[in-house]
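Undergrad: Questions regarding the structure given below will be posed in turn.
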Amino acid sequence: MRHFAHPAALAYSMTTLGAGMMNSIFSFYYVKLFLNKYQISETAFHQSQVVFMIWNALNDPLFGYLQDNSRMECCSRRRLSILYGAPLYCLSFLLAWFPWRTYEPDDWLSGVHLMVTLCAFDGMLTFVLLAQCALFAEISGHHQNRLRLIKYSQVASLVGSSSVLFCGLISQNMDNFAAFQGFSVVVAILACVCMLYTGFNSESRFDSKASEEDSQSPQKPPLSLSSVMSMTWQIITNRDFQLFVIMNFFQVFMVAFCNNFTMIFAEHLIPQDVLPSLAKSFMYGAGFICPQMLVLCSQNLLQKFGYYRLILITFYVEAGAAVIMLLLGPGSYYFLALFLTSNMVLVQAAFSLFNLPLADIIDSDLQKYKRSSPLSSMVFGTNALFTKPAQSLAPMLVVAVLNQYGYAEIKDVAKAADPSALQSLHSAMFYLVCVVPLCVTGLQVLAWRPFSIRESHTVDSKYIDG
């Protein structure tokens, strides 16, 4: 395979392939699984999300510090972090799909199960993908090479995200739970093999420099707490970093909103006789597959106009589509299906480009403070410290709103329910579908417009690759 592809980009993208297969399934199905099948209580769901929100925010800067400053090779070398972390990452993916016993409604153990699952899965995801994010900035400083990494990564993500489509077809959108469990085991094994390929074949251009420095000064002391705090402060006080973090917080919120609730909204708002289960499976699959196709088709636009303008345009398009959907109303079922799918596509496609501004911020920090090596993991980790809580806030807020309109009692679409209560719930769902993207994208435009690193696509390299 390496004879037909760029070796560094191929090795990098194999982790994207493995992670994409698991993350797509996990984010799309876990909320419905715990709410509908395990019948977790709203209190336990919120408690688990709060614990997850705290852990989710703290583990990124913690692992970022370890990977940038640890003297242990399994942490400091990017490929070894992926190599050793991949098996645990894949095992943590399987935790959600196998109940610890037959759960009763509002069973306390289902709450513990969700809490452990979220923390374990996100912890290993963070450890592996922080190392991969650092590789993105460290494999090359050339804009064209980074676009190649984006291109390979999007192809890998395109293949990986198709797992949602095949999972939906094989398990009948999780109605056949045994088939769903079997498919998840196969996905975990394939994902592990993919990420091990990265672990054996990928290298950062700073690895050799670090090895030379270690041989010349093997007794180099670890960084003091004051040094770490100083570097973190330098990152946080970067205005472009601040603007990016605000914009990214809302993007993470929207990604979680779309991934966790599109299936629930579609099942309630689009009748079965209008869009049968098979058609909805393809709709869900398209929501995960088409973003990568869109990014791949936008390579020339990225080179010509840069990521700044394209990201801004996606915000305007999302807001415009939300306004049109509001005007059309909930009875336009086919337009609603198109809106739900296109919203997932645009949100995820824009999110796929976010490594580019972060890599530029890392380059700027490297030059400004004349560092011997970039603080790649610390920048990505500090970004995650402020943005990851949105992953928990989205499901917490939406579940709280839906339960105000009786969702806890009317979870199953097939069950008979009071027509007026069902109508009230469906109205709330429709306004969530339209108003949330409209408000969020407005805030994102305000945060993103002042971002100053806009022309990096016109500069061949900001520093010489070593």
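Each Cβ is built from the backbone N, Cα and C atoms, and glycine gets one as well.
Found this in TrEMBL, in case it helps:
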TRANSMEM  12-31  transmembrane segment
TRANSMEM  80-100  transmembrane segment
TRANSMEM  112-137  transmembrane segment
TRANSMEM  149-171  transmembrane segment
TRANSMEM  177-200  transmembrane segment
TRANSMEM  243-266  transmembrane segment
TRANSMEM  278-298  transmembrane segment
TRANSMEM  310-328  transmembrane segment
TRANSMEM  334-358  transmembrane segment
TRANSMEM  379-402  transmembrane segment
TRANSMEM  428-448  transmembrane segment
Undergrad: Are the transmembrane segment (334-358) and the transmembrane segment (428-448) near each other by the rule of at least 3 C-beta pairs under 8 angstroms (pairs 6 or more apart)?
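TA: They are in contact.
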Undergrad: Could you check whether the transmembrane segment (243-266) packs against the transmembrane segment (310-328) - three or more CB pairs closer than 8 Å, residues at least 6 apart in sequence?
TA: no
Undergrad: How about the transmembrane segment (379-402) and the transmembrane segment (112-137): do they have 3 or more C-beta pairs under 8 A, pairs 6 or more apart in sequence?
TA: yes
Undergrad: Tally Cβ pairs under 8 Å between the transmembrane segment (12-31) and each listed stretch (80-100, 149-171, 177-200, 310-328), then give the stretch with the top tally.
TA: 149-171
Undergrad: Excluding the flanking five residues on each side, which residues at least 6 beyond the ends of the transmembrane segment (80-100) place their CB within less than 8 Å of a CB in that stretch?
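TA: Residues 15, 18-19, 22, 25-26, 30, 33-34, 38, 67, 73-74, 109-110, 113-114, 116-117, 120-121, 123-125, 127-128, 130-132, 180-181, 184-185, 187-189, 191-192, 195-196, 198-200, 202 contact the transmembrane segment (80-100) from elsewhere in the chain.
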Undergrad: State the residues, same chain only, that lie 6 or more residues beyond the ends of the transmembrane segment (177-200) and have a CB under 8 A from a CB inside it; answer 'none' if no residue qualifies.
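TA: Contacts with the transmembrane segment (177-200): 11-12, 14-15, 17-19, 21-22, 25, 29, 37, 79-80, 82-84, 86-87, 89-91, 93-94, 97-98, 128, 132, 163, 166-167, 170-171.
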